[in-house]
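A.B. asks: Before anything else, here's the structure in question.
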Amino acid sequence: MAGIRVTKVDWQRSRNGAAHHTQEYPCPELVVRRGQSFSLTLELSRAPDCEETFIFMVETGPRASEALHTKAVFQTSELELGEGWTAAKEAQVENTLTVSLASPPNAVIGRYLLSIRLSSHRKHSNRRLGEFVLLFNPWCAEDDVFLASEEERQEYVLNDSGIIFRGVEKHIRAQGWNYGQFEEDILNICLSILDRSPGHQNNPATDVSCRHDPIYVTRVISAMVNSNNDRGVVQGQWQGKYDGGTSPLHWRGSVAILQKWLKGRYKPVKYGQCWVFAGVMCTVLRCLGIATRVVSNFNSAHDTDQNLSVDKYVDSFGRTLEDLTEDSMWNFHVWNESWFARQDLGPSYNGWQVLDATPQEESEGVFQCGPASVTAIREGDVHLAHDGPFVFAEVNADYITWLWHEDESRERVYSNTKKIGRCISTKAVGSDSRVDITDLYKYPEGSRKERQVYSKAVKRLFSMKASGRRTWIRRAGGRCLWHDDLLEPTTKPSITGKFKLLEPPMLGHDLRLALCLANLTSRVQQVRVNLSGATILYTRKPVAEILHESHAVRLGRQEEKRIPITISYSKYKEDLTEDKKILLAAMCLVTKGEKLLVEKDITLEDFITIKRAHPGASGEGLSPV
């Protein structure tokens, strides 16, 4: 009898695509998800007999091996058995055989080569059947990325568009973003990102073998989306100058960025800021099959020295002293959350994991961040992998203001220490509305539980004993700061202050507002008010000063007074960045030595004129662009 061979392969793309929720991928090869069977129909040179065997082999990556779980050899059987790759006969009609192949739920993801070996009567026939792509599977209960809710899978895996929230805490704006994970070439680009990583370049076989683990894959992606260490996808720029590239504010989706990176032979795309990094990372992880969402944190701390406080040094006008202030508080910061199990930490820490591709601080020598369990952040378990202290500080650091004197002494100024980590937001499932998820990250601000968690985080981080041993933090201006100094509460001053806008802040118009001061005591108070204002980036980095004036104010018993402030358009127009943000500060110096710092972030609005023309009415209306 003549040997048997495969003459044709039907990958059943329509049937498999529907079953694996992969029908939207436009690539020529089959795309399936791990831990779930898929079907192939083989047309044979003749009908097989019962003694003939069909042996399949799958391989991924260079130097594929069974020891590294990047290669598997398996034979057809009547049933799908075993923990590895399996093959089972589904149906046979004459010389047409349909088989069902299944990968284990912890298989390495990526592009595979499928081959078959047919053995019959001491005759063998080998054939490469072709390539297919294997992805993570949020629909498979045994996969680490399993997500139980179908509505959430539709939103966080299959939705190719979304909303990213930006702005300031009291004026949050929604921006549409095209993730486009099913667009032309995007899946190939996402796999190329993994292959361009330093880990793959240094040891490709080992790197590929680790791609079964969402912890490993997401950490690699968080490093590769920025270009700081590895010629990754996006180059950051926070100076307001975007020559030779595209302003971060002009991107509206990830597809153009990823395609430009590919066409430019992996040259970093200029330029990105936090929401761009997060948008691109969301595209990549959804494309690879990991449920991912974009999260915005308002008043987000950047704690460079990891003491869980943002230490801001100011002069007598409330202006930030850049040379001394290493920490910062951004108006907003955007990162990602992905959903998967933490086999390294235990089931208590399963679920949403923080990942941040914005290059802020190095982690293990690389600009990468996460995955950090959201549960671990809420509970103050900052010692757990990865980057817990940095993420905890972003949402829960205390905001400490120091007045720096000319003799290099410092003095703590009363200010709102609880302003960090407000209105943590993400897009709602199934709609474009904003959902506040602050309670996932921390207990109610100022509550006993929140303070207990903060204290726990401090002790975890600094290995402090219950006795309250002092721990050195860093040296600034020749003086040591101690953590017990930072925890000391400042006495509330005898006056309060607040900036109040008198008119909506519109671009092209003068800015009119007032500083409202109130005497909380039954005695007369003399107050020196030093006012300053500056145009800023969204990171709160000052660009140019636009206000500098002082006022002597007498406050009678329990009296309230307003200090009117006007900043003309001509004063700020030349120095306003694309962020359109201004920071005002008032340092209030009370006669008895008390000091109060009042700050306000303002975002100027663009307006257009709309003329109404209908019978019986005339006039104009203003609408924001």
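Just so you know, glycine gets a Cβ as well, placed from its N, Cα and C.
Pulled from TrEMBL, these are the listed features:
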type	residues	note
ACT_SITE	C274	active site
ACT_SITE	H333	active site
ACT_SITE	D356	active site
BINDING	N396, D398, E445, E450	Ca(2+) binding site
DOMAIN	266-359	domain 'Transglutaminase-like'
A.B. asks: Among all the protein chains here, how many other CB atoms are within 10 A of the CB of H333 (active site)?
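C.D. replies: Other Cβ atoms found within 10 Å: 26.
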A.B. asks: Of C274, H333, D356, which is closest to D398 (Ca(2+) binding site) if I measure between C-alpha atoms? They're all active-site residues.
C.D. replies: H333
A.B. asks: Determine the Cβ neighbour count for D356 (active site): the number of other Cβ atoms within 10 Å of its Cβ.
C.D. replies: 30
A.B. asks: Under a criterion of Cβ-Cβ distance under 8 Å and sequence separation of at least 6, what residues of the same chain contact E445 (Ca(2+) binding site)?
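C.D. replies: K418, G421 - these are the non-local Cβ neighbours of E445 (Ca(2+) binding site), listed in sequence order.
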A.B. asks: Please report the distance from the Cα of D356 (active site) to the Cα of E450 (Ca(2+) binding site), rounded to the nearest angstrom.
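C.D. replies: On Cα coordinates alone, these residues lie 24 Å apart.
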A.B. asks: Pick from D398, E450: which of these binding-site residues has the biggest number of other Cβ atoms within 10 Å of its Cβ?
C.D. replies: D398
A.B. asks: Centre the Cβ atoms of N396, D398, E445, E450, go out 8 Å, and tell me which other residues of that chain have a Cβ in range of the Ca(2+) site.
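C.D. replies: After dropping the recorded site residues, what remains is A397, K418, I420, G421, K442, G446, R451, Y454.
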A.B. asks: Mind giving me a neighbour count for N396 (Ca(2+) binding site)? Other Cβ atoms within 10 Å of its Cβ, every protein chain shown.
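C.D. replies: Excluding its own Cβ, the number within 10 Å is 24.
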A.B. asks: From the Cα of H333 (active site) across to the Cα of N396 (Ca(2+) binding site), what is the distance in angstrom?
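C.D. replies: Cα-Cα, rounded: 14 Å.
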A.B. asks: With Cβ-Cβ distance below 8 Å and at least 6 positions apart along the chain, what are the contacts of C274 (active site)? List them in sequence order.
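C.D. replies: Expected: W330, F332, H333, V334, W335, T358.
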